[in-house]
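Per TrEMBL, these features apply:
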type: TRANSMEM; residues: 42-60; note: transmembrane segment
type: DOMAIN; residues: 49-128; note: domain 'Prepilin peptidase A24 N-terminal'
type: TRANSMEM; residues: 111-131; note: transmembrane segment
type: TRANSMEM; residues: 137-156; note: transmembrane segment
type: DOMAIN; residues: 141-245; note: domain 'Prepilin type IV endopeptidase peptidase'
type: TRANSMEM; residues: 187-204; note: transmembrane segment
type: TRANSMEM; residues: 216-249; note: transmembrane segment
type: TRANSMEM; residues: 261-280; note: transmembrane segment
Amino acid sequence: MRHPLSVHLQIYQNNIKLQHYPLINLKKSSLERREKMSSPLISIYAFFAGITFGSFFNVVGNRMLTDESIVFPRSRCPNCHYPIQHRDLIPIFSFLLLKGKCRHCKVKISFLYPIIEASTGFAFLLASAYAVNLVTLAAHLLLISFVMIAVVTDLIKMIIPDKLILFFLIVFSGYRMIFTMQPWWDSILGGTLIFLFLSFIAFLSKGGIGGGDIKLLAAAGILVGTKIVFIGFIMALFAGTITCIIARMLHMIHRKQAIPFAPFIAIGMISSLFWGEYIFSIYKTLFLNGHALSSF
Ligand SMILES: [Zn+2]
């Protein structure tokens, strides 16, 4: 007899064209469109759009922390305040060409900038590959923008600004009023449940998880619903725990050092957005075996 997981994976693969997509219900026509949407050329375009937006998220994150306007003035070197020229604003490439140093004063530029640009590039590439139509693509891109800006502010100052959360909370709620989930209340339930659950964890652990992280996940829950937000949190916890263990073994952090959690929320939520349903189907097979197979 074959292992239940392999049987289930086979069924999963056969049914993959009929499965429910995390954000909207899939119809056959939209799957055909998805195949059309994910050509190599579109992937390349999505990656370059992503690194450009990543560069913008760096600016937004930095300026939110200093209460500056997002549009003006032009970006300046944080050390010598010399305005950065247009040719030095090309995402990733400028950093490599300048060998990570300011053209004017040669001070080192943070590695954070190209890392945010490259990860946004890959996230946008995934978003375009997994989108079935422009509506799901918009949801993917909105969530990625939200978590990436939070990563920037959390890495710089260990803060996720309330105005960032409020802005996306309004955008996500508006999106979910127009494009409702199945069932429609799953969006409200997702945001509320994760908020209550994490507040309870924070209370028990006396601040083991920050208020900004809780609000970040609650706002994301409004957009993606209960299942995807909880899977995202579990994945974030896994990624964070493994990273902490490794960092401690390498003596990179102290025992009680607080580390920013937003990067792990970003990893968890983006993975859950694209592979959450798949991860959930494996979980069902492993732990809820009989029910999982009968549901197909
Ligand atoms: Zn400089």
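These residue numbers are counts, starting from 1, taken along the chain as shown.
Yeah, the Cβs are placed from backbone N, Cα and C, and that goes for glycine too.
What TrEMBL says about a protein is an automatic prediction, not a curated fact.
Keep in mind that this is a model prediction, so the values were computed, not measured.
Long-range contacts of the transmembrane segment (137-156) within the same chain, counting only residues at least 6 positions beyond its ends with a Cβ under 8 Å from a Cβ of the stretch, are 23, 37, 53-54, 57-58, 60-62, 64-65, 112, 116, 119-120, 123-124, 126-128, 130-131, 164, 168, 171-172, 175, 179, 212, 216, 219-220, 223-224, 260-263, 265-266, 269-270, 273. Ranked by number of Cβ pairs under 8 Å to the transmembrane segment (216-249), the listed stretches 42-60, 187-204, 261-280 are led by 261-280. Remote same-chain partners of the transmembrane segment (261-280), defined as residues 6 or more beyond its termini with a Cβ less than 8 Å from a stretch Cβ, comprise 12, 19-22, 119, 123, 126, 130, 140, 143-144, 147-148, 150-151, 153-155, 160, 209-210, 212-213, 216-217, 220, 224, 227-229, 231-240, 243. Across the range of the domain 'Prepilin type IV endopeptidase peptidase' (141-245), the DSSP-based residue counts are 87 helix, 0 strand, 18 coil. Predicted-model confidence for the domain 'Prepilin type IV endopeptidase peptidase' (141-245) is 95, expressed as mean pLDDT.
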